[in-house]
């Protein structure tokens with residue numbers, strides 16, 4: 001008790017360790033706050049990292065200019081700017097820090113962010129039983145920074161966070177809720193009070209030239225991504241190309257000291273940025289002036305956290321490049337360009353963002369962070385054990401806009417494997433066929449696969465120019481299909497050599513995309529559910545009337561496949577024991593009466609008996625008689641043709657009545673080239689033969705032009721909304 005009372009009468013020794021210009025901008029407001037309460041706090045300042053390197057501006061001078069006493073300077077950076085140098089720098093810091101921390105003996109060590117230098121600080125302090133207050137923990141930004149930030153959070157005893165989401169993340173990482181303060185970002189205290197300075201035009205002119213006005217220039221700040229150095233250098237080069245082409249005055253800051261920064265500087269110099277009349281390349285800008293430059297810029301571009309955090313306070317439009325800030329909470333002022341192969345995407349983003357103004361965002365603070373943090377530090381019980389407590393709540397993710405969603409249309413590659421033609425199409429989310437390709441279907445398996453892949457690759461190449469992002473491939477084919485494995489189990493006679501064939505593997509392997517495969521009748525049904533009359537209908541049946549008869553069943557909003565994938569073989573419902581032979585080998589199936597092949601067979605029979613042609617009709621000797629001739633003959637009053645069509649319509653109607661009595665759908669959709677000819681006969685049979693409770697079932701003719709292609713596409717597009725088949 002005597003020791004606790006003595007402790008209450010002493011000032012709280014707070015050591016603030018700063019490693020670089022970026023973390024000092026967050027720590028300085030707290031340092032000023034601590035200094036202004038000298039009766040409560042004793043401020044100790046440790047400077048290390050890139051602060052002490054000339055190539056990065058010797059930014060420790062800012063600390064002196066702000067009239068802070070520096071209690072220790074530690075040269076901890078091993079030059080080389082590669083991964084090994086970063087590791088060696090951490091090791092060097094760990095060697096030097098114990099003496100300093102032992103000498104200063106702080107009650108609390110203040111550590112900011114996610115830098116490798118900060119990890120060394122937190123490790124040393126934790127092992128020396130010094131309480132750690134971590135600023136800006138719980139945030140998500142992608143790259144190695146996340147791992148370092150979360151590692152520091154696990155070493156830290158107390159946390160001052162900027163957003164509610166960050167607080168939830170820390171809680172989900174088992175941190176004690178009572179040791180977390182939702183304070184906001186300390187730099188916002190200065191931002192919100194200082195960004196309306198009267199002399200901002202003088203600051204703009206001093207850095208960019210007398211002829212530059214507000215919102216007419218760009219601020220660029222891009223750092224290497226240590227987990228993907230080569231790609232970050234590529235994006236940096238593309239950014240420079242885009243900025244050169246965009247032809248606006250640009251203030252560009254040198255990258256930080258992370259691995260890859262040397263290569264980025266080489267790229268800058270190779271392109272002559274330091275001599276280019278549109279660019280002003282600088283190593284450092286004092287934070288209070290940097291605020292003004294960002295606040296009044298026409299756009300900020302790069303991957304600095306300043307772009308996704310501080311710039312939102314001014315409504316400055318921002319283009320965030322690459323993955324370095326992936327997951328960070330952002331305001332609507334931020335437009336993401338996650339990846340780019342040419343500078344065109346970045347250039348287009350500049351066109352979209354430059355000169356805009358957005359509502360000011362206070363996601364990261366309201367201007368009172370320092371006050372909250374000082375009060376929080378005063379509340380820390382130094383007699384409390386350092387052992388941490390744990391809990392396990394959930395965490396909510398955040399989403400913001402993406403340049404790809406603006407520039408590209410999410411689309412599917414649809415393949416229709418027909419008996420005669422092989423068709424491929426690019427289909428967008430709204431069901432529009434953006435582009436279609438068609439070739440005669442080869443006879444052999446090898447030729448068919450080769451042609452399919454060739455057409456798909458061509459479509460994918462075209463999709464890039466059409467601004468379509470291909471999400472996957474859907475294949476519609478005749479026969480019985482195992483959609484789970486992407487295998488055609490038994491093909492129709494129209495598609496020879498196409499049984500027990502794995503379609504999914506060769507397509508997925510060649511195109512590196514997910515692939516779905518299903519029966520053409522099921523695909524047409526899926527098309528109706530997503531784009532046609534079946535949209536929003538819980539139970540319906542689709543009947544495909546074409547060369548064969550097929551269909552699909554939707555029951556409780558799900559497509560029915562059956563235990564052996566034989567469900568919805570509607571063409572093979574038997575309606576007569578003595579009927580004509582079907583292609584399946586049975587007799588009296590609907591398909592034997594009502595399919596295009598059945599009508600063609602009857603048309604040939606009539607023609608052979610000279611009973612087909614009537615006045616106004618003719619058949620060329622070289623022309624093959626088909627179902628169309630039968631339909632024309634019936635339309636012109638041929639009683640024999642009318643009788644055949646009546647029988648075909650009745651057979652189809654009887655089959656549909658059986659379906660109504662088995663599964664009782666609320667809607668029957670007739671699809672295919674013969675649908676409109678069967679609509680009235682089917683309705684008539686239902687009214688005559690169906691049970692009273694089923695007679696009111698609605699019958700409609702499909703309005704979709706390419707149901708097989710649209711259905712194949714819907715398997716892919718529905719997956720993107722998390723539907724699975």
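For all residues, glycine too, the Cβ spot is worked out from N, Cα and C.
TrEMBL does not curate its annotations; it predicts them automatically.
Mean pLDDT across the domain 'UDP-N-acetylglucosamine 2-epimerase' (38-377) comes to 89 in this model. Taken from TrEMBL, the feature domain 'UDP-N-acetylglucosamine 2-epimerase' applies to 38-377.
Look at TrEMBL and you will find 520 tagged as active site.
What TrEMBL records for 572, 582, 584, 589 is Zn(2+) binding site. Non-local contacts of residue 589 (Zn(2+) binding site) by the CB criterion (under 8 A, 6+ apart in sequence, same chain) comprise 549, 571, 572, 573, 574, 575, 579, 582.
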Cα-to-Cα gap, residue 520 (active site) vs residue 584 (Zn(2+) binding site), nearest whole Å:
17
For the recorded Zn(2+) site formed by 572, 582, 584, 589, which further same-chain residues have Cβ atoms within 8 Å of the site's Cβ center?
571, 574, 583, 585, 586, 590, 591, 592
Cβ-Cβ under 8 Å from residue 584 (Zn(2+) binding site), same chain, 6 or more residues apart: which ones?
572, 591
